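Contents: one structure, followed by commentary.
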Amino acid sequence: MRRAACPGSFDPITNGHLDIIVRASRLFDEVVVAVSINKNKVTLFTVDERMELIREALRDHPMAPSNVLVDASHGLIVDFCRSRGIQSIVKGLRAVSDFDYELQMAQMNNSLAGVETLFMSTNPQYAFLSSSLVKEVARYGGDVSGLVPDVVLKQLRERLAQ
């Protein structure tokens, strides 16, 4: 079985993330969205909230893939992959600047555990999109409705209103 991990913090998941996950689901028998837990990073949503938002966004997606799982990832992504028999990592690239960092990570992951990384170019309509940018725009009252799944938009508005 060809299995891949799509790692990230997904705080929150964006339509750009969703696009990469759905496209990866067509290339692999199973895709595991690995929601990273970084105790040094302050997140808007807890890991459980992020995982549930991803599950709901996938269920609501018009091309709802049935071969995507969502799980929490502690520590190195290669350890996550190794413990689950995952051979590949899928990463979306928005710009050339992403490639420099991601190439180093891919080479390190391959040297540590023989895990291959597949780079997918981001759909041009999402090339500028990041979770950080979504949160910043939303905090200042900007409209992010076309940038995140509806379920995320609702939770984002509620969280920022607190």
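From the backbone N, Cα and C atoms, a Cβ is placed for every residue, glycine too.
Per Swiss-Prot, the candidate among SER9, SER111, SER121 that belongs to the substrate site alongside LYS41, ILE77, LYS91 is SER9. Sequence-distant contacts of ALA127 (ATP binding site), defined by Cβ-Cβ distance under 8 angstroms and a gap of at least six in the same chain, are ARG94, ALA95.
Listed in sequence order, ALA5, PRO7, ALA34, SER36, ILE89, ASN109, VAL115 are the same-chain residues six or more apart from ILE77 (substrate binding site) with CB atoms under 8 A from its CB.
Ranking the binding-site residues SER9, LYS41, LYS91 by the distance of their Cα atoms from the Cα of SER131 (ATP binding site) places SER9 first. DSSP assigns SER131 (ATP binding site) to a helix.
DSSP classifies SER9 (substrate binding site) as coil under the three-state reduction.
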